[in-house]
Amino acid sequence: MNSLIDAAFSRGRAMMILLVMILTFGAVAYVSIPKEANPEVPLPLVYVSTTLDGISPSDAERLLIEPMEAEFGAIEGLEKMSAEATEGFASVQLEFAAGGDIDEALDKVREAADTVQGDLPADATTLNVTEINTALFPIITAVLSGPLPERTLNDIAETVQDELEALPGVLEVDIGGAREEFLEVLIDPTVFQTYNLSFETLTSQLQRNNQLIAAGAIETGGGRIVLKVPGLIENLEDVMAMPVKVDGTTVVTFGDVATVRRTFEDPTGYARIDGQPSLALEVTKRSGANIIDTVAATKQVIDEMRGDWPESLRVTYLQDQSEQVKTLLSDLEANVMAAIMLVMIVIVFALGFRSAILVGLSIPGAFLAGVAIIWAMGYTMNIVVLFALILVVGMLVDGAIVTVELADRRLQEGDSPKTAYAHAAKRMAWPIIASTATTLSVFFPLLFWTGLIGQFMKYLPITVILTLGASLFMALIFIPVLGGVIGRNQPQTARAKAALHAAERGDPRRIPGVTGAYVRLLERAILRPWTTVVLALALLLGGFALYGQFGRGISFFPSVEPEFMQVQVRARDNLSIYERDDLVRKVEDRLVGTGGIESIYARSTMSAGGGEEDVIGTIQLDLVDWQERRTADEIGAEIRTKMADIAGIDVQVETESGGPSSGKPVNLRVSADGFDAQSASVDAVLAAMERVGGFTDVTDTRPLPGVEVAINVDRAEAARFGADVSLLGQAVQLLTQGITVTDYRPPDADGELDVRVRFPNDSRSLSELTNLRVPTSAGLVPISNFVTFEPVERVGVIRRIDEQRVTTIEANVAPGLLVNDQVTALRAELERADLPESASYEFAGEAEDQQESMTFLAIAFVSAIVLMFLILVVQFNSIFQSFVVMSAIVFSIGGVLLGLVITGRPFGIVMGGVGVIALAGIVVNNNIVLIDAYNDLRKEGLSPLEAALRTGAQRLRPVVLTSITTALGLMPMVLGMNINFIGREIVFGAPSTQYWTELSSAIAGGLVIATVLTLVVTPAMLMLREKRDRRSLPSPRPQPAE
């Protein structure tokens, strides 16, 4: 290391040029790096689906789901398999180990899908295999609304879609709420009897008269003549003029027997923004694109197009993530600046302006070097990276402080700047390397954190490792070289000379001021080392006891004040879309005027809620700025109160969750043998939740009650009339969605439109079906001759997890209650509950993630301790001294718990756990500096007592400085404080700080307590194994300076 430092000093100009290049490249990287709020957490999920018209959920489970489960379940690396079977549809969701190669997983799933396809019914569609990725979720939704015709609104939306998808940062734009257009051929049922027509005649005529005919060309002596047969339908008139039947000399056309029109599909949902009909353009960005630039470009394109639109058309932007990103980033950037300023103030006060400039330079140097590498690795700038930068602000200067402080002392002794800084860098190289290594060793295990939480938090150790690694080079290479250039010999005052002489050669008890008072206190402590250690342990145990008595429990992930809310409207009944929309409108109307809501976007639909049958509508609420409204919990409580008296529905409020987890925090999976036993088990669990209390918005995934009509065909009787199931199927389709017979491309449409034949609306009913006469070889025959209608209990969605039918129960917890406390109480209640014999249950969701995180963090903590211990043994070649160094970790944990008691906060599993691990690597640095100095003084021949006192005198300032700078760097986050330098205001409680208050409080509180204790306890513990000289200090004798 000494040769590297000598080489750097001998090439000072090159080092300065290299430093400028690092700063420049880092600045470019910071401006260019993509920015987003939360990290892109890759969900290791693959979704496989297929359809089969008319298949019931039970048959879909047996014929589609079970063969797929058997094949997909053998895929290597599969963690969890969920399946759903519903009317005409089956899907399987495969979850793989987080952090694995998703492309490899997709290849395995596609290969398995090709294999199982042959085991599925022939009419089942080809298995569709897709990846679920959080990067594919919308970054902004542009809602078009106003009193305009539907076709006009659709045309404008499609034009905007094409323009936006041409932007480089946009991956795709989906139009939500749009209905597909088609050409509808309406035929009255009496036509078949009047004109003696069959279903096949109608459909085949349309198909055979809408074909592209390759007629070719004729070669003649006069040239080549191309022949053309216009056979494609081009407009509505072509269908009207198309012949259906020839009766003698009379030609019957579709215009005679049918009404032909262009229209839209039957509504399956309605969308409104603040009461106006609307369409939503959901914009998804490309992976790696800058969210702020992409949203800005999106808005610019829409603003430029608005000049050509009707004045009544309104554009509303919902869930604009770029605003959240800009707010979070600006708040955290302000916190970075505040942390730097606080640290710099302390350094200037302690070391002087010139030394402070040198120490302060290590912050931007290490910052920008780390950001440059993060950018080069393809990562983004997000809240985790920014907090990691705040976390290391105080740590980045630790090495530089120790180096500059020693150089400062050498300058006071008369050394030249170059000699002083070169000596300081060489002398402190290994202590700084050891202390940095111990800090990095606690973050290194966090790189192996699995699961979604691990993928979310991985940016923290990556950023810390890169920036602290860069700070090592700043402290030992760049700062000393620069100090040798700009440093000046320091004239000494008589007081400074006396203090320096006392610390280096004289009696340290006679040093004036704080240092002397500390040395005199230290002497009393180390003369009674057992008493000191026992008192420290008593304080530690007292902290644990206080937390056990007054602690607020534990939480999983910090709760963050949201910017959006969602209201779900649920009803357990067979409702038409019109009935659903009426109920959603009632909720929508009552939401108007609720304080704190900026906009209301409502959707009533037949398939809302991501497959949850009882969700008849969702209402997205954009909230006003958090500073200008009540909390989301208070708004939610008011919404629940307002909706409580609406009969027939259950209104639930969900807020945007912080971090990578999604869904309600309480998630319980119940299974049993048979539907009745499973339903009884769910009822028993719900009753237990009611007895525990504190649960809100409780839902379960049992199928909705309802009635279906089974059409039973007497095949033998049907055959006597020349009919079959296929003929019956056509008749039923004419009564429902119609028969798609062909398609055509009109000149005013971007794509092809289906041509669909069906009965008019007033003839599409169950009573019409019973009276329907179908054309057969025996003539028109009433369908009732061979068909009976039987009402049967409807089977809704069948859900399976890992090849077993499962019912999932989800719930929120009431404000002020902790999820962990509620789950613990529910576990105890379920142990006493009377469940069916075959019933079983397991907690999933947040409880499962919490258990996984606790297990990993415990392993990571032990791994970090082992790594640190090995590093310390290498550094000191002493097992005892290594244990003394690590005693600071125990004291720091006591400080963390005491801080939680004082602030009244629960211990956060993720953030608090990471904080304790990070703290372990930070607090040992002080002990490393103390013991390294103590060992050097002992080698110089000082007695243990004198060496301990002189170590305290010499190292008090750097130890206190490094601890204060680390704690002050985190103080804005501890206090939940944002300093707006431009607006010149201080804001408390911003959402950007709520993520990190637990983590920063754990580090700051533990560090302060541990520093105070270790300054006294560490020297006392060293005395336990040394021969103590209890007599007064020997008379001062000259000692060489360090």
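Glycine is no exception: its Cβ is also placed from the backbone N, Cα and C atoms.
Note that TrEMBL annotation is computational and uncurated.
The annotation transmembrane segment is assigned in TrEMBL to 12-33, 334-351, 358-377, 383-407, 428-453, 459-487, 530-550, 856-876, 883-903, 909-930, 959-982, 1002-1024.
The largest share of C-beta pairs under 8 angstroms with the transmembrane segment (428-453) comes from 856-876, of the ranges 12-33, 358-377, 856-876. Note on the transmembrane segment (12-33): residues 364-365, 367-372, 374-376, 379-381, 477-478, 481-482, 484-485 of its chain, located 6 or more positions outside it, place their CB under 8 angstroms from a CB of the stretch. Only pairs six or more apart in sequence are counted, and the transmembrane segment (959-982) with the transmembrane segment (383-407) gives three or more Cβ pairs under 8 Å, enough to call it a contact. The highest tally of CB pairs under 8 A with the transmembrane segment (1002-1024), across 334-351, 358-377, 530-550, 856-876, is held by 530-550. Note on the transmembrane segment (334-351): residues 359-360, 363, 386, 389-390, 393-394, 397, 401, 404-405, 408, 957, 961, 964-965, 968-973, 977-981, 992-993 of its chain, located 6 or more positions outside it, place their CB under 8 angstroms from a CB of the stretch. The stretch from 383-407, 856-876, 883-903 that makes the most Cβ contacts under 8 Å with the transmembrane segment (358-377) is 383-407. Contact count against the transmembrane segment (530-550) (Cβ pairs under 8 Å) is highest for 883-903, out of 383-407, 459-487, 856-876, 883-903, 909-930.
Residues of the same chain lying 6 or more positions beyond the ends of the transmembrane segment (883-903) and with a Cβ under 8 Å from any Cβ of it are 536, 539-540, 543-544, 546-547, 550-552, 865, 868-869, 872, 876, 912, 915-916, 919-920, 923-924, 926-928, 931, 1001-1002, 1004-1010, 1013-1014, 1017-1018, 1021-1022. Of the candidate ranges 383-407, 459-487, 909-930, 909-930 has the most C-beta pairs within less than 8 angstroms of the transmembrane segment (856-876). For the transmembrane segment (909-930), the residues of the chain that approach it from at least six positions outside its boundaries are 391, 395, 398, 402, 431, 434-435, 438-443, 445-446, 453, 457, 460, 464, 554-558, 659, 850, 853-854, 857, 860-861, 864-865, 868, 872, 875, 884-889, 891-893, 896, 900, 951-952, 955, 958-959, 962-963, 966, 995-996, 998-1003, 1006-1007, 1010-1011, 1014-1015, 1018-1019, judged by C-beta separation under 8 angstroms.
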